[in-house]
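Enquirer: Below is the structure I would like to discuss, written out as structure tokens.
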Amino acid sequence: MSEVEKKEEETTTTTTVEKTEEKKEETSSFAPAAEIKEYAADVEPNVEYEATLKRDVVEVKTNEENEDTLFEIRAKLYRFDTDPSPQWKERGTGNVRFLEDKDSKRIRVVMRRDKTLKVCLNHHISPALSLGEMTGSDKSWVWKCPKDFSDEEKPEGVEELFAIRFATPENAGLFKTEFQKCQAKNEAIEKKTE
């Protein structure tokens, strides 16, 4: 390589280094800390928001307003489905409650699904109902209901076979005790009305 070529190469590298340093200086957007503190002290944030759409308050009715909760416990509900092949199908998970009407004093059992709050169990606790043990589990009970009103498509009620499962055998025992107490109360009310 000749001396001329070496000098040209050196000048090109120096000019490129100088240009990149200039670009770095131009693109640097950091301000000194003192300037930032001054600016921050002068600025007051405006965080007031107003709703763009005004809505009316809607009263939600659950048809449980005229009832007192006597008992409530978490459980998983199943119903026996015979079509197309006989099997237990999950109806929902949530809190099962015994509700007493303030006027008539009749007690019904109601269960709503957790997230949707859709009713998955709704019938009166009749003295004719028989709560039986589910085979192979000490945490579950089975009973046949002549008319369950939880299905919106069949408001006249439908006959169902239910199974309910609890987290512990103690909870299952509590449920059975309360169920039988409610049956006795409803039986006494039915005898008074006859």
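Heads up, the Cβ atoms here are built off N, Cα and C, so glycines get one too.
Per Swiss-Prot, the features are:
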type     : residues : note
REGION   : 1-36     : region 'Disordered'
COMPBIAS : 1-10     : compositional bias 'Basic and acidic residues'
COMPBIAS : 18-27    : compositional bias 'Basic and acidic residues'
DOMAIN   : 42-188   : domain 'RanBD1'
Enquirer: Within the domain 'RanBD1' (42-188), how many residues are helix, strand or coil going by DSSP?
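Expert: Tallying H, G and I as helix, E and B as strand, the rest coil: 21 helix, 61 strand, 65 coil.
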Enquirer: Over the span of the domain 'RanBD1' (42-188), how high is the average pLDDT in this prediction?
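Expert: Value for the domain 'RanBD1' (42-188), mean pLDDT as a whole number: 90.
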